[in-house]
Amino acid sequence: MTTAPRDSVVWKLAGLLRESGDAVLSGCSTLSLLTATLQQLNRVFELYLGPWGPGQTGFVALPSHPADSPVILQLQFLFDVLQKTLSLKLVHIPGVGLPGPIKIFPFKSLRQLELRGVPIHSLCGLRGIYSQLESLVCNRSIQALEELLSACGGDLCSALPWLALLSADFSYNALRSLDSSLRLLSALRFLNLSHNHLQDCKGFLMDLCELYHLDISYNHLRLVPRVGPSGAALGTLILRANELRSLQGLEQLKNLRHLDVAYNLLEGHTELAPLWLLAELRKLYLEGNPLWFHPAHRAATAQYLSPRARDAAHGFLLDGKVLSLKDLQQTSDSSGLGPVIQPLSWPVGSTTETSGGPELSDSLSSGGIVAQAPLRKVKSRVRVRRASISEPSDTDPELRTLDPSPAGWFVQQHRELELLASFRERFGCDWLQYRSHLETMGSSPLSTTKTPALSTPPLDVQNLETVCSPPAIEDDTKESPEKVSEEGRVEPEPQEEEREEQDKEEGSREDLEEEEEQEQKAVEAELCRPMLVCPLQGLGGVQGKECFLRVTSAHLFEVELQAARTLERLELQSLVAAELESETETQGEPVSEGSGPFPGAPVLVLRFSYICPDRQLRRYAVLEPEAREAVQELLAVLTPFTSVKEQQPGANKDPQGARFQCLRCSCEFKPEESRLGLESDEGWKPLFQNTESPVVCPNCGSDHVVLLAVSGEVPNREQNQEEQSADSACDLADHGGCPSRPDGIPPQTSISHDRSSWSLSPSPGCSGFRSVDHRLRLFLDVEVFSDSEEEFQCCIKVPVVLAGHTEEFPCLVVVSNHMLYLLKVLGAICGPPASWLQPTLAIALQDLSGMELGLAGQSLRLEWAAGTGSCVLLPRDARQCRAFLEELTGVLQSLPRTQRNCISATEEEVTPQHRLWPLLGKDPSAEVPQFFYLRAFLAEGSSTCPVSLLLTLSTLYLLDEDPGGSHAESPLPVVSDETSEQPASLGPGPSLQVREQQPLSCLSSVQLYRTSPLDLRLIFYDEVSRLESFWALHVVCGEQLTALLAWIREPWEELFSIGLRTVTQEALDLDR
């Protein structure tokens, strides 16, 4: 092996280290090796320089060898460098290399170790260096932490604490739970557990006393992880893309400065109450949560922030933007509607942290939150106290608490939460949209109370001022201080004022509750008698407390047996299915302790369409004496609600009518589009897992999607037009002929969904091209069509280039039963069509003499009058281009025989006379070489320009083409009955100019973007000039991007024998 030619792996590695060994030995550069290469080196070392015993540790001094042996000298040099290497990266490619252990024995001085896809059970030699490692990265290698931390991989030993380890990255693994091996990382400061399958961290992070940065994003956590001791050192916590519904537990992290809980399931701003105690917090990310869609989200969030954090000198960053003075003023206005006090803190440490309820003052801080100030004693003042007598009402379920103690506040907060919960249950998941409706009814539970931490933030300050304005009785009290002397001034007691206002708010709230109950009783009629049931919780059938089941015309209630309180209220309009559970399933369920079994009791199963998982399934064991008859009575009442839901418009399961919306990026898509997403990280998937989400957003990859409700009042035609406008990839305003957009992104990525917008770009298909807005149809009939017998057939909005011109312009191509019209789009598509459409050209269908489909089906060339005129349509989407050609061909075939011109469409062929042939191959006799052709857009700063991308097996070209060609271009041939059946190709073709070219070997990586799925960046690195460059491209559909990556990957990986690196970033940065 060592006597092989100098191009062997050993000689190449030795030569590389002789040139760049200083950077490796100093730790500035990382030595990256394939596991197969490391195995080969170990075999050579053991053969010529070893062998060494399994207990060999420390630096190895090599024996002397003859100096005239270049092989031995090369191996000695290589072994010495490996022993002194500080940073190592190992990459494992499945199926490459020899079976057996992967030994890292030669590396004696490692400080940083990175493992990518390395089977951890095959890694040997870690026990000799783990105590000196400062940074450890392990991706796509482990399923449990103890495999690496406790057993040291393939060494299978009992490891002691990793005393020097400061940073650990265990992202992109298959971790489902943590274990006690984390206690070995006592000095750890940075921990990354993102992109795993963790559901609960339990208490395994409590031993990491020095932890400062914790990243557990993209997991399945439902609770905030506990960090110890008391989270004193933690400064950054990233919990993005989990399943958090509450932030309880964050109040312990006193020094937290950066918190990221974006894309979770936080529904209300009341869940942000723990943020009040985080005085050092400076960055907060909440985007993608249900509360983020609140119209007053920023103002409502600022209400729950600590005054010290909100008023920081450098500004508080909320969702990446500084909290503005306007947000704080809105908070101040909303807080000024009623007395506001500091929210209660959780018992997280000492008793001093949870005390201080009665000593809170009424003065507001600059940000609208009350500042706590000590009470002053004024001896010269005479306080006149008014008696506050409050008797319990007969309708109150329990006595009202007047004591201004924490217990009294808790009761008030609890009542407010119940009222808010009833409001949300009434309106479902879209409860924020009914805010104005609720306020006009006067039953809004969103009135501001004394405790902003556990109350809903004000939605509309102007509306709430009318609801929560103080009574006119207080005017008398304002006049009394003017009638007394300065020394004997009358001043009400602060606590008495709070008590009175609390009484009034509670009284008004109880009145609203009574009115709601009366309205409910008056409107909703009982559909059957109450049934005695026992709820069965979960799939295990754990028995709950017995209750009555009431069914009204709109709701289903669970009512307590003794106090007759409503335990649960479910909407019948959300009922999906009502069925009787089979006896075999019921007999196999366990019974909880303390609750006797119900042998033979039938089980009623109800399924609802709520988003919350706890409310989707209800199972009741019917305990009536005649249980079978009672169940049949319930089914007879509930089944009509499920059948009505199935008959509603949009409730069918037709995949063509259903649409989803992503909660992260608000993108709307069809079910079939969710399977077209790119796997940009395909080369780095776990070797032992291949999972796929059933419904994911094709734009950002999130699985937090909801099914949009289809309104039955919208006509199908209008709905189809809106979907076609959203799905089309050809809603192009202008490129080349008109100024580009300032953001540099082609306009087809920004499509309006306004009701007043025009739908001009239907999706491929006959029904799509034939549907048109009725206003546009009227304009065509009156202003464009010249013959009274002329009828509209189809249309498409597409960029067009006329013969003899180089710039393309947006155009509406309209086909009637006699003519083909080109209507130039002058500007914004709004208002009367005459203001933004200009008739440019009219061609009789019988004059068409040729139709040619361009390369890869991305353009369509039309000729008329025997080649005297021509134009090129540039949809750039092969599927849409072929669909329109098929539609146009059908119109031509439907012409009368006297007007029918026997022409058929041809496809552009690559021959030795083709314009691309010099770039593909110089041998005219050779077959057509393999290539990939794509029409796209090149982003240059803030503007874009149309280009063509040509890929061969060795070179990448950026081309500037003139689609219109010159006047001397040969016409398209006419294929008639007398001519040959073999279609002739186009002549010399459009002019061509190479803008830029790069060899395939210089391609280093491909960069994609989650929020811009149609943009990509090809990054090149020239090893000779050591310069890096890139091509920022934009395609018109996701299929083109997928095909482009697939075509590049095969020859590139064959050239380098490793996977092509694709990097996915969150957003497109136009400044780079």
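Placed from the backbone N, Cα and C atoms, the Cβ positions cover glycine too.
Feature annotation from Swiss-Prot assigns repeat 'LRR 1' to 109-130. Per-residue confidence over the repeat 'LRR 1' (109-130) averages 89 (mean pLDDT, predicted model).
Across the repeat 'LRR 2' (132-152), DSSP assigns 5 helix, 5 strand, 11 coil. If you look up Swiss-Prot, you'll see 132-152 marked as repeat 'LRR 2'.
If you look up Swiss-Prot, you'll see 210-231 marked as repeat 'LRR 5'.
Marked as repeat 'LRR 6' by Swiss-Prot: 233-254.
Summarising the annotation, Swiss-Prot assigns repeat 'LRR 7' to 255-276. Only residues 6 or more beyond the boundaries of the repeat 'LRR 7' (255-276), in the same chain, are considered here, and those with a CB under 8 A from a CB of the stretch are 217, 231-249, 282-291, 294, 297, 300-301, 303-306, 309, 319, 342-343, 345-346, 417, 420, 424, 453-457, 663-664, 702, 704.
Residues or ranges marked as repeat 'LRR 8' in Swiss-Prot: 280-301.
Sequence annotations record features per position, and here Swiss-Prot assigns region 'Disordered' to 333-366 (among others).
What Swiss-Prot lists as phosphoserine is SER388 (among others), and the listing cites a large-scale study or a structure entry.
Marked as phosphoserine by Swiss-Prot: SER390 (among others).
Summarising the annotation, Swiss-Prot assigns phosphoserine to SER393 (among others).
Sequence annotations record features per position, and here Swiss-Prot assigns region 'Disordered' to 441-522 (among others).
Annotated compositional bias 'Basic and acidic residues' per Swiss-Prot: 478-492 (among others), in sequence order.
Among the features that Swiss-Prot reports, compositional bias 'Basic and acidic residues' is placed at 501-510 (among others).
As annotated by Swiss-Prot, region 'Disordered' applies to 741-762 (among others).
If you look up Swiss-Prot, you'll see SER757 (among others) marked as phosphoserine, on the strength of similarity to another entry.
The annotation phosphoserine is assigned in Swiss-Prot to SER761 (among others) on the grounds of a large-scale study or a structure entry.
Panel annotation: around the repeat 'LRR 5' (210-231), residues 171, 186-203, 237-250, 252-256, 260, 348-349 of the same chain, lying at least six beyond its termini, place a Cβ under 8 Å from a Cβ of the stretch. Sequence-distant contacts of the repeat 'LRR 1' (109-130), counting only residues of its own chain at least 6 positions beyond either end whose CB sits under 8 Å from a CB of the stretch, comprise 27, 30, 35, 57, 59, 83-94, 100-103, 136-142, 147-148, 152-155, 157, 159, 162, 165, 684, 687. With DSSP classes pooled into helix, strand and coil, the tally for the repeat 'LRR 8' (280-301) is 9 helix, 3 strand, 10 coil. With helix defined as DSSP H, G or I and strand as E or B, the repeat 'LRR 5' (210-231) counts 0 helix, 3 strand, 19 coil.
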